[in-house]
Amino acid sequence: MVLNSNRVEHFSGGGGGTTTTITISGDALPPLETHEVCLPPHRTTLQKLRQRLSEIFFPDDPLHGFKNQTWFRKLHFGLQYFFPIFQWATNYNIKLLRSDVVSGLTIASLAIPQGISYAKLANLPPIIGLYSSFVPPLIYSVLGSSRHLAVGPVSIASLVMGTMLSETVSSTEEPILYLQLAFTATLFAGLFQASLGFLRLGFVIDFLSKATLLGFMAGAAVIVSLQQLKGLLGIVHFTSKMQLVPVLSSVFHQRNEWSWQTIVMGVCFLLFLLTTRKISMRRPKLFWISAASPLASVILSTILVVLLKSRVHDIKTIGHLPKGLNPPSSNMLYLHGPYLGLAIKTGIVTGILSLTEGIAVGRTFAALKNYQVDGNKEMMAIGLMNMAGSCSSCYVTTGSFSRSAVNYNAGAQTVVSNIILATTVLVTLLFLMPLFYYTPNLILAAIIISAVIGLIDYQAAIRLWKVDKLDFLACISSFLGVLFISVPLGLAIAVGVSVLKVLLHVTRPNTVVLGNIPGTQIYQNLSRYKETVRVPSFFILAIESPMYFANSMYLQERILRWIREEEQWIETNNDSNMKCIILDMTAVTAIDTSGIDTISELRKMLEKRSLKLVLVNPIGSVMEKLHQSNILDSFKSEGLYLTVGEAVADISSSWKAHL
């Protein structure tokens, strides 16, 4: 590595060892006082453990409002905390209701056709999609903290559930078993989500990075869109596999089943949906156009099929949908048997995906309106919502970005919009189900394609390439894994790449050589700031990570390599010999016994080479561990300083005094 070769022109020490005057490049700096590096205040082990657990599980201090309050106020705050409906219900008025009714009816026009479509995507009866748009929104309206999150089935969770269950159980040959497994997977998804929230373990879902999800959703969108060619082309015998090659192969091998009437009508409605979506994206005030277009397409396509049914026989329709409320499904939960493991695995995977999407969407719109969404409360709300849904004929639901965007643009003020949505679905279930009998399958395929196509964000992928190549690798691995292997394995590959990235940062931390900016007491990266200069006889290194067992050996080897390279540079340039190695530990946020041993070994090795090792600015917890390990005793008086400037000044003064 080529470093800046500038040198300090003149360096002189003065004072009585506690103050030193430095002259660099002709600029005399004011006298520098040397400060003592102090230990943090003494705390017991229990106090340290309590603070650490608080930092891990309660970084937002959720109970701060309970301090110094009466028991009645604490009860009131408790109700508000666990049931956010109590926060806004007392101030609710007609003006807010008017806005929520408009937004609720608007998202209902989108949710009803999407619910039917996404249920088919999960290989479930279409009615299950409507059931899942009724009960979950009601529960979320009581427990949820986001004002704009519109709850219901979503494409990604539907796709993953359908894919994972269909690999083992056929939805056509064993429909009852498949339905049982879907409800059971929903139960375990809810249990997993609620447990994460209750135990405040939300950081688990952080391993699904934005880059990972970007590639995963793009790959899933492509697969979902290709799967919908079955409905758009009128194919009857279609592959159940979800990889790119088998899907395309099935499309072209079944050319004899293509129906030109289905293709013409399907393509026309797909173009209509994509056009309305484009209009709403360019002019956000016209959001209602894309929001109403799916329901309008369902109505119009149904009317066309009814009018042309005597002439057009090849267009497949939904058929009979039962009227009435959600039937209880607790008796259908599959809690023992050979497929229980499949249900649990499917529940956990779909639970993580739906939780990630729901919280991300909620926080996005909360930021736009300047309010906060509690991630752990959202996990509990979504988890309880799915647990209740599994007992009322619903499958996995969460906050949908498309419906939430419509909800936000329609002027939603509170979660009452979800209640209006559920009420509209209730009316549909009770009275309007016969109207869907002649709704063609092709329109459901067109709605799904128009919805998921927005998940392909190529511009974001280009930004990843420009900013972080490892993030781009995670993104493209996820994308290709979903396309060519399978949806779950594609996700697993992407998570593996993300974890590998974390491990690389942990096990191979950054170390930099520092130099002085002339005329200041500032020390910065020599290779980054060209005005920085080396200080004669000193070699200053900064470690920019914690020192753990996972990276301690690497740090030792890397530091010794830095020293060897510096010695070679000094020999080549006939410069003054190196006498002191300064380790700037400002960015070392933590250290364990392996890290302490590394420092001790370094000191011994350098001492044998007549080189002095100095530590600078260890933070409180690091300083405490160094003190308790007695390693500081071996550093003597000139081994620990508060700043690099003080270390350079004081040691230089000491050398001058011994001349």
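Placement of Cβ uses the backbone N, Cα and C atoms for every residue, glycine included.
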Annotated stretch (transmembrane segment, per TrEMBL) among the listed ranges 109-131, 339-361: 339-361
Remote residues contacting the transmembrane segment (148-165) - C-beta distance under 8 A, at least 6 residues beyond either end: 107, 111, 114-115, 118-119, 121-124, 129, 132-133, 136-137, 140, 171, 178, 181-182, 185, 216-217, 220-221, 223-224, 242, 342, 345-346, 349-350, 353-354, 357-358, 361-362, 365-366, 369, 385, 395-400, 403-404, 406-408, 412, 415, 417-418, 421, 448, 451-452, 455, 486-488, 491
Per-state residue totals over the domain 'STAS' (528-651) - DSSP helix, strand, coil: 60 helix, 22 strand, 42 coil
Recorded stretch that, among 211-238, 258-274, 339-361, 472-500, has the most CB pairs under 8 Å to the transmembrane segment (442-460): 211-238
Remote residues contacting the transmembrane segment (258-274) - C-beta distance under 8 A, at least 6 residues beyond either end: 231-235, 290, 293-294, 297, 300-301, 304, 312, 314-316, 440, 442-443, 445-447, 449-450, 453
Residues of the parent chain within Cβ reach of the transmembrane segment (286-308), under 8 Å, 6 or more residues beyond its termini: 106-107, 109-110, 112-114, 265, 269, 272-273, 276-277, 279-280, 315, 317, 405-406, 409-410, 435-436, 438-440, 442-443, 446-447, 450
